[in-house]
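Taking it in order: structure first as structure tokens, then the write-up.
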Amino acid sequence: MRSSCVLLTTLVALAAYYIYIPLPSSVSDPWKLMLLDATFRSAQQVSNLIHYLGLSHHLLVLNFIIISFGKKSAWSSAQVKVTDTDFDGVEVRVFEGSAKPEEPLKRSVVYIHGGGWALASAKIRYYDELCKAMAEELNAVIVSIEYRLVPKVYFPEQIHDVIRATKYFLQPEVLHKYSVDPGRIGVSGDSAGGNLAAALGQQFNQDANLKNKLKVQALIYPVLQALDFNTPSYQQNVNTPILPRYVMVKYWVDYFHGNHDFVQAMIVNNHTSLDVEEAAALRAHLNWTSLLPASITKNYKPVMQTTGNTRIVQEIPQLLDARSAPLIADQEVLRHLPKTYILTCEHDVLRDDGIMYAKRLESAGVEVTLDHFEDGFHGCMIFTSWPTNFSVGIRTRNSYIKWLDQNL
């Protein structure tokens with residue numbers, strides 16, 4: 001009996017040690033976040049072990065685990081019709097809300113899910129619930145794109161998928177089929193999906209046939225650049241769940257099918273050191289000492305290496321491509337982008353990407369709403385139902401949908 005108690009106490013202590021991580025007191029529901037982070041870390045470790053044994057790619061395993069526990073069929077309700085179909089060969093899930101009596105044509109949002117370009121799905125519970133809520137509350141048609149993921153495809157194929165599906169949807173006959181008002185269409189996405197939404201907006205803005213087709217863009221804690229992994233938010237949140245800096249850098253390398261040996265060098269900005277000529281012209285576009293307010297920069301110092309590893313950009317030139325990093329686009333590209341909503345979270349390595357993009361868009365004459373949540377963490381907006389319901393998840397989702405309702 002005594003030995004059983006000792007064993008149980010030991011197991012409980014080990015579990016607590018594994019789960020507990022120091023978190024700022026201001027973060028929403030800290031113990032629940034620790035449990036969520038521990039669950040995700042466990043899934044990552046299982047997938048890494050299977051990868052190490054040569055049985056499968058770690059991202060395929062991790063996504064299998066995520067989808068296995070959360071996949072949801074296309075189930076319609078009295079308020080929202082849900083169907084799975086494809087737009088020009090790209091799978092989509094379409095959510096059709098009821099039209100308002102006084103508005104026979106509905107507004108619409110093309111939604112792009114997050115997941116580091118490698119994980120999640122338009123068909124998992126989190127995104128299904130989000131898009132269904134959007135369709136119902138906005139009386140709108142939501143097109144959630146099931147773009148192809150790493151490691152089956154790499155940059156820029158994810159961008160090609162979302163552009164192809166969106167172009168198909170914008171055809172007059174398709175809009176007519178779904179009773180959509182062509183003047184009230186927006187694009188949106190979270191995290192890596194926010195990256196793809198921003199890239200799509202810029203690509204459309206440079207196409208004479210597609211310019212002004214989108215009324216708004218709404219970017220939820222978007223990832224927007226891979227040149228500086230030492231912005232104040234990267235330094236402040238280096239180990240903050242559920243997206244530590246090391247994990248974000250690995251997602252970038254995987255997106256480009258790059259060499260993982262470069263990860264540690266990239267973390268200290270060796271890929272954009274002063275001797276990397278290719279990066280020189282782009283530094284002004286993300287000079288956070290001028291783009292971020294003093295309340296954000298605090299006492300953080302830029303990390304700029306004199307000499308670094310010039311091989312990284314030579315082997316992964318995609319790092320400096322504005323299609324992958326919309327924050328570094330030229331000012332002329334940013335002009336005439338649609339009205340923009342950017343949601344950022346204090347406890348997120350990507351916080352400053354969003355704030356800097358908002359500043360650059362404002363400087364280019366774009367109307368921007370920057371919606372910042374002091375207790376938010378990366379990914380929080382999709383966590384709104386039990387057992388992963390966070391108060392900040394509900395508040396961010398409500399704020400996001402309210403903005404869409406007022407501006408779309």
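Even glycines carry a Cβ here, placed using N, Cα and C.
Positions annotated as active site by TrEMBL: S191 (among others). The Cβ neighbour count for S191 (active site), using a 10 Å radius over every protein chain in view, is 29.
Cβ environment of D348 (active site): Y221, S233, N237, T240, L243, G376, F377, H378 lie under 8 Å away, each six or more residues apart in the same chain. According to TrEMBL, the feature active site maps to D348 (among others).
Every protein chain shown contributes to the tally, and the Cβ of H378 (active site) ends up with 25 other Cβ atoms within 10 Å. Taken from TrEMBL, the feature active site covers H378 (among others).
Annotation comment: TrEMBL describes 109-265 (among others) as domain 'Alpha/beta hydrolase fold-3'.
Look at TrEMBL and you will find 320-381 (among others) tagged as domain 'Alpha/beta hydrolase fold-3'.
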